[in-house]
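What follows is a short report on a single structure.
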Amino acid sequence: VLSSKDKTNVKTAFGKIGGHAAEYGAEALERMFLGFPTTKTYFPHFDLSHGSAQVKAHGKKVGDALTKAADHLDDLPSALSALSDLHAHKLRVDPVNFKLLSHCLLVTVAAHHPGDFTPSVHASLDKFLANVSTVLTSKYR
């Protein structure tokens with residue numbers, strides 16, 4: 001459960017991420033593919049090279065979904081319901097991959113906003129991403 005301080009930290013962080021969400025999403029995906037090569041198996045039809053249009057497009061989807069989640073912190077299940085269905089029933093993504101992408105997202109945000117990435121913000125974003133991951137895997141049962 002996100003505390004009021006966590007919610008403030010997440011909203012503040014996403015205020016700074018703002019127009020860069022698609023860029024950061026793509027960068028986090030690239031980090032994930034490089035650091036955890038087994039994650040590439042879910043994207044056999046993608047050009048996974050640096051800067052590819054497909055990775056950028058998927059990064060935009062990731063960024064948009066996280067921005068939507070940050071805008072609906074008090075009702076993540078409703079905000080992410082369609083995405084949860086997609087990942088559970090059609091894509092069947094192994095839940096561990098959400099943790100890997102979350103880690104890469106944190107690294108990306110820290111790299112772009114080192115002065116703002118305090119331990120408190122780090123903890124809040126980590127909780128937020130864990131909550132998003134929980135919602136996305138909630139329909140796997």
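Using N, Cα and C of the backbone, Cβ positions are placed for all residues, glycine too.
When secondary structure is read from DSSP and collapsed to three states, HIS58 (O2 binding site) falls in the helix class. Look at Swiss-Prot and you will find HIS58 tagged as O2 binding site.
Other Cβ atoms within 10 Å of the Cβ of HIS87 (heme b binding site) number 21 in total over all chains. Residues or ranges marked as heme b binding site in Swiss-Prot (evidence: sequence analysis): HIS87.
Looking only at the domain 'Globin' (1-141), the predicted model's pLDDT averages out at 95. The domain 'Globin' annotation in Swiss-Prot covers 1-141 and is backed by sequence analysis.
Taking a C-beta cut-off of under 8 Å and a sequence gap of six or more, SER3 (phosphoserine) has no contacts in its own chain. What Swiss-Prot records for SER3 (among others) is phosphoserine, and it gives similarity to another entry as the kind of evidence.
Just so you know, the Cβ of THR8 (phosphothreonine) picks up 15 other Cβ atoms within 10 Å once every protein chain is counted. Under the heading phosphothreonine, Swiss-Prot lists THR8 (among others), citing similarity to another entry as support.
Among the features that Swiss-Prot reports, N6-succinyllysine is placed at LYS16 (among others). According to DSSP, LYS16 (N6-succinyllysine) sits within a helical segment. All chains included, 12 other C-beta atoms sit within 10 angstroms of the C-beta of LYS16 (N6-succinyllysine).
What Swiss-Prot lists as N6-acetyllysine is LYS16, and the listing cites similarity to another entry.
For TYR24 (phosphotyrosine), the number of other Cβ atoms no farther than 10 Å from its own Cβ, over all displayed protein chains, is 21. Annotation source Swiss-Prot lists phosphotyrosine at TYR24.
Secondary structure at LYS40 (N6-succinyllysine), as computed by DSSP, is helix. Here Swiss-Prot flags LYS40 (among others) as N6-succinyllysine, drawing on similarity to another entry.
Listed in sequence order, VAL55 are the same-chain residues at least 6 apart in sequence whose CB falls under 8 Å from the CB of SER49 (phosphoserine). According to Swiss-Prot, the phosphoserine annotation covers SER49 (among others).
The Cβ of THR108 (phosphothreonine) has 23 neighbouring Cβ atoms from other residues within 10 Å, across all protein chains displayed. Annotated phosphothreonine per Swiss-Prot: THR108 (among others), in sequence order.
When secondary structure is read from DSSP and collapsed to three states, SER124 (phosphoserine) falls in the helix class. What Swiss-Prot lists as phosphoserine is SER124 (among others).
In this structure, THR134 (phosphothreonine) is part of a helix by DSSP. According to Swiss-Prot, the feature phosphothreonine maps to THR134 (among others).
If you look up Swiss-Prot, you'll see THR137 (among others) marked as phosphothreonine. For THR137 (phosphothreonine), the same-chain residues 6+ apart in sequence whose C-beta sits under 8 angstroms from its C-beta are SER84, HIS87, ALA88, PRO95, PHE98.
Taken from Swiss-Prot, the feature phosphoserine covers SER138 (among others), and the record attributes it to similarity to another entry.
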In sequence order, the recorded positions (LYS16, LYS40, HIS58, THR108, THR134, SER138) whose C-alpha falls within 10 A of SER124 (phosphoserine): none
Closest of LYS40, HIS58, THR108, THR134 to LYS16 (N6-succinyllysine), Cα positions, recorded positions only: THR108
DSSP-assigned states of the domain 'Globin' (1-141) in counts, ordered helix, strand, coil: 108 helix, 0 strand, 33 coil
